[in-house]
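See below for the structure under consideration.
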Amino acid sequence: MSIHLVIIDALNLIRRVHSAQPDPTDIARTITTTGRTLTRILSEAQPTHIIAVFDHHEQDRGWRAEILPDYKQNRKPMPEPLIKGLDALQQAWWEQGIDSLLSEGDEADDLVATLATKVASHGEKVTIVSTDKGYCQLLSPTLQIRDYFQHRWLDEPFIEKEFGVKPSQLADYWGLTGISSSQVPGVPGVGPKAAKEILTQFEDIEAAYASEELVPKYRKKLDEHIESARLCKRVAALKCDIDLGFNLQDIRFTGPNKAQ
C-alpha cells in the first residue's frame, strides 16, 4: 500500500484560526473552527498517516538561540487563553483521529523536517500543511507543502517566483539576506536582489566566498561578514536527524477515536 503522510504544523494553523476569532477567550469556537479545517484537510489529502506537531509553549527558543542570542527574541507570546486551551484542542484533534507530537527541547520545525524527509526519502508521499516558507528547503519529488489558508502549493515555481533561487539554496539565501521576522541578521547590505544574483552565479555561500569571480561589491561584504553568513545559514537550515521515538505505524490514520 502506498503511503501518504500529512504533517500539520499545529500552532501555525491554530494561531491563525484563533487570531481571526472575534472573542480571543472563546476557545470552544477555536476548537470548532480548527475541527472544520481538519475535516477539509482530511477530505482533500486522503492521508494514510497523519500527525500534528506542536512547539511546547513553555520551552525556550532552542539550540538556535544558543548560537544566535537574538533569534526570535521579539516573537509575540501565545495568548494566555490559547495556552490554557491547548489540551482541549489536542483532545479534540485526537477524537478526529489526529495524534499530537509535542516538542521537548527541539523546535517543531526540526521535528517536522526530520519526519518528513525520513518518509519522503523512501519514495513515499508527504504533505506538510503550513504557511511557513522555511519548509520549502525540503521540497522534493515526494515532499510538498500546502498553504491551507491561501489555497496554494508552496512548490518550486512558487519559490522561483518568490525568491529566484532553488529550494536547495534557500538556507544560503537566508544566510545572506537574513530573516527579519526571526531576528536573523544575514549579511549587512545584501538584500533579496543581491542574494539572487550571488546564488544564480554560485551554488552556495561557500562557493561564492571561494571564487575569484565574485564581483567586488559582494566580495567586500562576504569578506567582512562571512561568519555571520555561515551562522545565519546554519540557523535557517532545518535539522533532519532528530530521534523521534515512534514509527509510522503509530500514526496511521484509521478515522475518528471515541471521546474519552
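A Cβ is built for glycine as well, from the same backbone N, Cα and C atoms used for every other residue.
A quick note: this is a predicted structure, and the numbers were derived from the prediction, not measured.
Positions annotated as Mg(2+) binding site by Swiss-Prot, on the basis of sequence analysis: Asp109. The domain '5'-3' exonuclease' annotation in Swiss-Prot covers 165-259. Residues annotated as K(+) binding site in Swiss-Prot: Leu176, Pro185, Val187, Val190. Per Swiss-Prot, the feature region 'Interaction with DNA' maps to 189-194.
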Rounded distance in angstrom between the Cα atoms of the residue listed as 'Mg(2+) binding site' and Pro185 (K(+) binding site): 20
Summary of DSSP states over the region 'Interaction with DNA' (189-194), given as helix, strand and coil counts: 3 helix, 0 strand, 3 coil
Pro185 (K(+) binding site): secondary structure state under DSSP, collapsed to three categories: coil
Residues within 8 Å of the Leu176, Pro185, Val187, Val190 Cβ centre (excluding the K(+) site residues themselves): Gly175, Thr177, Gly178, Gly186, Pro188, Gly189, Ala195, Lys221, His225, Ser228, Ala229, Cys232
Residues in the domain '5'-3' exonuclease' (165-259) grouped by DSSP into helix, strand and remaining coil: 55 helix, 3 strand, 37 coil
